[in-house]
Amino acid sequence: MPPKTPEDPEQNPYDLLEISQEATEAEIRTAYRTRSLKVHPDRNRNDPNAAQKFHALTTASTLLLDPLRRLALDAQLRLQAAKKQRFASYDNKRKVMVSELEEREKEFKKARMAKEQERTARESENTRIREEGRRMREQREKELELQELERQCARTKSESNGIVEEESLAPPPPSDLDTTIRIKYALSSCPALSTASALTAHLRRYGEIDEETVVMSQKAKKSKKSKGLVDGEMIVTALVPFNQLGAAFAVVSSAESLKERGMDVAWAGGSEPPILGWLRERGELRGPAANRAEPLPTKPTPEGTTFGSFPSSFPALDDVTPPPPPAAKAGIDYESLTLLRMREAERARLEKEILEAEATEGG
């Protein structure tokens with residue numbers, strides 16, 4: 001900070017030159033010469049303020065060597081000394097008043113600062129409360145959204161379970177082969193069952209059968225020792241559709257007892273119809289409703305005895321009378337004719353399936 005000039009009341013030129021106010025001109029010059037040599041910039045190169053100090057000494061010396069300016073300076077210094085003396089003579093009461101005023105001023109500033117701090121703290125608390133409320137509101141909204149989402153998921157899952165349960169309880173679609181069984185036997189074992197009508201009559205004890213839809217095929221098979229067949233033996237394969245599912249199930253359930261008598265019984269579709277599984281799950285399927293298998297009928301020979309599986313016991317071809325064809329119904333209406341045609345188409349399809357199965361087995 002540069003030194004103050006002599007014009008500044010706080011910087012006394014007499015103090016700069018270290019002389020009294022009663023110093024003569026010669027004393028001023030001697031003091032200036034002595035002081036200036038000490039602060040001259042050439043001798044104080046390391047002091048950055050040396051030039052300013054030297055300038056201040058020069059200004060003070062010039063001012064004191066000017067009688068008029070020194071006169072004004074002396075008057076100013078006397079006024080300052082008088083003011084200091086006057087303030088020093090203040091009584092204790094005025095000093096107390098000034099002190100109280102200053103103390104009151106400090107308290108006021110302190111109170112104002114405290115009030116400002118309180119206002120700032122209150123605003124900060126209000127801001128914090130608003131932020132906390134906003135955060136709690138957002139959290140509550142998220143919780144409500146999550147609960148609603150969980151309810152929707154639970155509702156969807158419940159509906160899905162209900163749909164799955166309904167689908168699992170729904171019965172499978174019906175099939176054309178649900179009530180149709182496939183019977184295969186050697187004609188030598190069941191010579192009396194050489195016609196569809198005879199086979200229908202034999203199986204009718206299990207349930208009603210539409211004889212017109214029964215499909216029967218006879219084919220000579222090559223011998224197979226594992227099955228005990230004879231060369232050229234006739235194998236009968238028949239598809240028998242029952243009117244009711246329970247009757248067909250009763251026949252298949254009696255497959256073991258029928259197999260002991262030479263008849264191989266199975267479902268026409270190759271596996272159990274799905275509707276039976278559905279009925280079994282609901283407890284509606286109790287078991288075979290058919291009677292116990294009865295002995296297979298035999299056909300009497302001309303000698304009055306029954307013939308078995310030996311060719312010598314077979315009747316002559318002239319003695320075998322084919323069954324009469326069904327009598328034509330007079331006055332068949334359109335609905336009956338349509339039903340008859342549908343049965344014939346179903347019969348043709350079943351015959352084709354039998355031929356394909358036999359061709360596969362023969363291959």
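Just so you know, glycine gets a Cβ as well, placed from its N, Cα and C.
The stretch that TrEMBL tags with region 'Disordered', taken from the ranges 198-242, 288-332, is 288-332. Helix, strand and coil counts under DSSP for the domain 'J' (12-77) come to 47 helix, 0 strand, 19 coil. Counting residue by residue with DSSP, the region 'Disordered' (109-176) contains 61 helix, 0 strand, 7 coil.
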